[in-house]
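What Swiss-Prot records for this protein:
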SIGNAL    1-17  signal peptide
TOPO_DOM  18-300  topological domain 'Extracellular'
CARBOHYD  N38  N-linked glycosylation site
CARBOHYD  N75  N-linked glycosylation site
DISULFID  C120-C184  disulfide bond
CARBOHYD  N146  N-linked glycosylation site
DISULFID  C149-C163  disulfide bond
DOMAIN    185-295  domain 'Ig-like'
DISULFID  C224-C279  disulfide bond
TRANSMEM  301-321  transmembrane segment
TOPO_DOM  322-332  topological domain 'Cytoplasmic'
MOTIF     328-331  motif 'Internalization signal'
Amino acid sequence: MLLLELVFFAVLFPVGDTQDAFQEPISFHITQITSFVNSSWVKYQLSGWLGDLQIHGMDSDSGTAIFLKPWSKGNFSNEEMSEVVELFRVYIVAFIRETKAHVNALQMEYPFEIQGIAGCELHSGGAIVSFLQGAFGGLDFVSFKNSSCVPAPEGGSRAQTVCKLLAPYHDIFYTVEKLLYETCPQYLLGVLQAGKADLHRQVKPKAWLSSGSTHEPGHLQLVCHVSGFYPKPVWVMWMRGEQELPETQRGDILPNADGTWYLRVTLDVVTEEATGLSCRVKHSSLGGQDIVLYWGHSNPIGWVILAIVSCLIFFLCFALWYFRRLRCEGIF
């Protein structure tokens, strides 16, 4: 039976009956990465995501589910969740076994990697779109559409063979369809409600400027750091007056340990042209009050530190003078 357990990859944690509206589409999806190093060594990663936020994991050694948020189970009971976790354990074992059993038939050579993603996405109008896709070696392989397995062009004859072998198992496709189009939407709406306070929090970004190295003589790299913001969407741009500079280079938005985000935005300029440039930051938590940092302007925090240090030096000098005077007068 060729990779029949693949369909269980669409099993999602069912719960919930309340819809929570989001301005941007948001999805719940499960991702799996299985690396077949050789016939006896296989590694896998299984995780559940709400948008860009990981809320589930699984210990690959023990098969124990990891709930990363207090609300990761949504409204699902412990008993129901235990049943789903057990299903995943069975699925992983069977998926690895069946894949290894058909390595030769599908002309796969070690090492190779299989990826998969399954879930559903809620749009602002209330529509929910479900999906299940598999990849082989980073290329699209198969997907689930209209109650059937659809081979991807990149998958070639190998993907076509997999879909042909799965085609007779109508009960399996019925189960997948039910999970994708009924179970997943129920869970998505439920977990959005359970995690509402956390998901809707607004954390203001902190921003600062620095300089970076550049390989061109006479040039300067301006770096604008933006950190500690939530939610993830943010707009950062180097500006000259009110004009956006298209040469701005935006890095990847990276996660901080506390669940907030960090972004680094750079601009390479001729050193003499850096004066008058600024970095502008827009974020939903700022209430329309953009952060604007001007290159070359002194940092207010720096002035505060300088003032404190100056005061300390003054009082130290005064104390030394005072005690010296007392000593000269014979008091000490």
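Quick reminder: no glycine exception, Cβ is built from N, Cα and C everywhere.
Features recorded in Swiss-Prot, as mapped to the structure shown.
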residue : record                      : Cβ within 10 Å
N38     : N-linked glycosylation site : 9
N75     : N-linked glycosylation site : 18
C120    : disulfide bond              : 25
N146    : N-linked glycosylation site : 7
C149    : disulfide bond              : 25
C163    : disulfide bond              : 17
C184    : disulfide bond              : 28
C224    : disulfide bond              : 26
C279    : disulfide bond              : 24
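For C184 (disulfide bond) paired with N75 (N-linked glycosylation site), the C-alpha to C-alpha distance reads 13 Å. Cα to Cα, N75 (N-linked glycosylation site) and C163 (disulfide bond) are separated by 35 Å. Per-residue pLDDT, averaged over the motif 'Internalization signal' (328-331), rounds to 60. Here the domain 'Ig-like' (185-295) has, by DSSP, the following mix of helix, strand and coil residues: 20 helix, 52 strand, 39 coil. In three-state terms derived from DSSP, N146 (N-linked glycosylation site) belongs to neither a helical nor a strand segment and is classed as coil. For the pair C120 (disulfide bond) and C224 (disulfide bond), the Cα-Cα distance reads 36 Å.
Under the DSSP three-state reduction, N75 (N-linked glycosylation site) is assigned to coil, being neither helix nor strand.
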